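Peer 1: Let me begin by handing over the structure; questions about it come next.
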Amino acid sequence: SLIGAAIKAPRITSKNLISVIFCEAVAIYGVIVAIILQTKLESVPASRIYDAESLRAGYAIFASGIIVGFANLVCGLCVGIIGSSCALSDAQNSSLFVKILVIEIFGSALGLFGVIVGIIMSAQASWPSKA
């Protein structure tokens, strides 16, 4: 919709690239959390695989990845839809750009909330000692 609206109003092309940057930020959130979760993984002795502590740590890491993934999915949908409507409305009325951009920032905050919850959950993962 950015390219289509830019045909009617070429001035919106550079302003509405902010929406594309917000979409890329969502992908970066996922990469950051993936690196954090990868550093949390440890090997567990075969005798302690089914201990409560091992299962708790594994499920905490799994759940934090799932939460961040779904939060980023919802954030990406929100930012994409609002970014599209921002481009279309800016082509019609340029005074709406800042107002819709604020709404897009609130939509982008959903992804940050997911990242924060995921980091807090993964911090609770403690693997059993190897002894």
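Quick reminder: no glycine exception, Cβ is built from N, Cα and C everywhere.
As annotated in TrEMBL:
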| type | residues | note |
| --- | --- | --- |
| DOMAIN | 2-37 | domain 'V-ATPase proteolipid subunit C-like' |
| DOMAIN | 62-121 | domain 'V-ATPase proteolipid subunit C-like' |
| TRANSMEM | 17-37 | transmembrane segment |
| TRANSMEM | 57-84 | transmembrane segment |
| TRANSMEM | 96-121 | transmembrane segment |
Peer 1: For the transmembrane segment (17-37), give me same-chain residues lying six or more residues beyond its boundaries with a C-beta closer than 8 angstroms to one of its C-beta atoms, as numbers and ranges.
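Peer 2: For the transmembrane segment (17-37), the far contacts come to 2, 61, 64-65, 68-69, 72, 75-76, 79-80, 82-84, 86-87, 101, 104-105, 108, 111-112, 114-115, 118-119, 122.
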Peer 1: Residues of the same chain, at least six outside the transmembrane segment (57-84), with any C-beta under 8 angstroms of its C-beta?
Peer 2: 1-2, 16, 19-20, 22-23, 26-27, 29-30, 33-34, 37, 40-41, 100, 103-104, 107-108, 110-111, 113-115, 117-119, 121-122, 124-128
Peer 1: Summarise the model's confidence over the domain 'V-ATPase proteolipid subunit C-like' (2-37) as a mean pLDDT value.
Peer 2: 85
Peer 1: Helix, strand, coil residue numbers for the domain 'V-ATPase proteolipid subunit C-like' (2-37) per DSSP?
Peer 2: 32 helix, 0 strand, 4 coil
